[in-house]
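J.: Could you have a look at this structure, given as C-alpha cells, before my questions?
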Amino acid sequence: MVLATYLYKLTNKLGTPSYHLMAAVAVVLICITIPLVMLQRRLMRTANRFVTMKGKASQARALPLGKWRWVAGGVVVFWLTVTIGVPLIGVAMRAFISNWGVGVSLWDELSLATFRNIWQQPNLLRAIVNSMAIGIFGGALAVICYLFVGIAMHRKADNVTRFLDYSVLVPRAVPGLLAGLAFLWVFLFLPMWLDQSLKNGWLSALPVADWLREHLIVQLRALRNTIFSVWLAYTVVWMAYGLRLISSTLLQVAPELEEAARSNGASRGQVTRHVTVPLSRYGLIGSWLLMFLIFEREYSTGVYLLSPGTETIGSMLVSLWAAGAIDIVAALSFINILLVVVGLGIALRFGVKLHD
C-alpha cells in the first residue's frame, strides 16, 4: 500500500471519511513533492540547452539500431499488446457480450442492448455530452489560461515566479479525490461565508450588500451544480501539467528571435503576439490535444462534484462501478475510448504533430 491508496481507503473503506487523517496524508504528500520540485528547478537553471528553434536551423538524425532494430520492434509490439491491446479487447468484449461461460457461443451473445440502455438514460447522455464539452472547449480554454500564466513566467526568474511554480504543484501533489473534495467545500462554504459577511459581518456596510446577497450569492450557490465547477476543478488540478507543457513549448523558441523583434521597436506584447505565440502554435495545439485526453479520462476529481447536470463519463464510471453495473461501465468506457480516438484522428487531420 502507498499513500495514495491509503487515502482512498480512508475515503471509501472506513465508513465515515476520516478528514483529519486525509489532510495529514495530503500534507505528507506535499512535503515529499516540494523538495523534488526544488531539485527540478535547480536542474532546469540552464534551460538554454532545451532550445530547438534558433536562427540557424539544425537537422536531427535518427539513432541507427542496426541488427537490434528487430529486437527493439518486437519489444515495442509486445509492450503495446500487453498494455493497450489486451485491455481494449477486454473492455470491448464486456461491452458487447452480456453473458459468457462454458458452452456459450460468444458470437451468438453479441448485442447492443447495453448501448441502448445508455441511450435511454438521460444522466448517461449528459455525461457523454459534458465530457466532450470539457475535453474540447474546456481543454482549449484551459490551454489559453495556462498560456497567459506561462508567458508571464517566461524567462522571468524572480521570487513571484518561483512561488507560483511551486504553488501550482500543490493540487497535483494530492490525489484527485482530495482535490475534488476541497473544491466541493469551497463551492459549499464560500457562498455561505460571503452571505453571512454581507448580512451581519464586515461587508454589511457596503451600499450594494443587499444586491450582492440577492444576485451574486445566488449565482455562486448555483455554480456548484453547473459543469463550470467541474471544469474549474480540472483546470486547477492539472495546472502544473499544463504549465509544464506550455513552458516546454516556450523554451523551444530561442531568445535571440524575441530580441531581434525588440530591437526593431516591437513592444513586449507585440513580440508575444507576433513571434512567440506563432512559433509555438504547433506546441500549443499539441498541448490542447493532451489536455483534451486528460480531461476526457479524468474521473477522481469529479467524484465529489457529481450532481444532476455535472455528470462526466469518469465520475459516472466510479458511481456505476460502486453500484455493480459492470456492463454499463464497460460500454461507457468503450464510448470514451471512441471519443478519444476520434478526437485524436481529427487533431492529426488538422496538422497536430505527435512528434517532430
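Here the Cβ of each residue, glycine as well, is placed from N, Cα and C on the backbone.
Got these off TrEMBL a minute ago, pasting:
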DOMAIN    128-347  domain 'ABC transmembrane type-1'
TRANSMEM  20-39  transmembrane segment
TRANSMEM  70-90  transmembrane segment
TRANSMEM  96-115  transmembrane segment
TRANSMEM  127-153  transmembrane segment
TRANSMEM  173-194  transmembrane segment
TRANSMEM  222-241  transmembrane segment
TRANSMEM  279-295  transmembrane segment
TRANSMEM  302-322  transmembrane segment
TRANSMEM  328-352  transmembrane segment
J.: How about the transmembrane segment (279-295) and the transmembrane segment (70-90): at least 3 CB pairs under 8 Å, pairs 6 or more apart in sequence, or not?
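T.: When sequence-distant Cβ pairs are counted, the transmembrane segment (70-90) does not touch the transmembrane segment (279-295), since fewer than 3 lie under 8 Å.
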J.: The transmembrane segment (127-153) vs the transmembrane segment (70-90): three or more C-beta pairs under 8 Å (separation of 6 or more)?
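T.: Output no: the transmembrane segment (127-153) is apart from the transmembrane segment (70-90).
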J.: So, does the transmembrane segment (222-241) come close enough to the transmembrane segment (20-39) to give 3+ Cβ pairs below 8 Å, pairs being at least 6 apart in sequence?
T.: no
J.: Which stretch, 70-90, 96-115, 173-194, 222-241, tops the Cβ pairs under 8 Å count with the transmembrane segment (302-322)?
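T.: Ranking 70-90, 96-115, 173-194, 222-241 by Cβ pairs under 8 Å to the transmembrane segment (302-322) puts 222-241 first.
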J.: Restricting to the same chain and to residues at least six past its boundaries, which positions have a Cβ under 8 Å from a Cβ of the transmembrane segment (173-194)?
T.: 4, 7-8, 11, 22, 26, 29-30, 32-34, 203, 212, 216-217, 220-221, 223-224, 229, 232-233, 236-237, 298-305
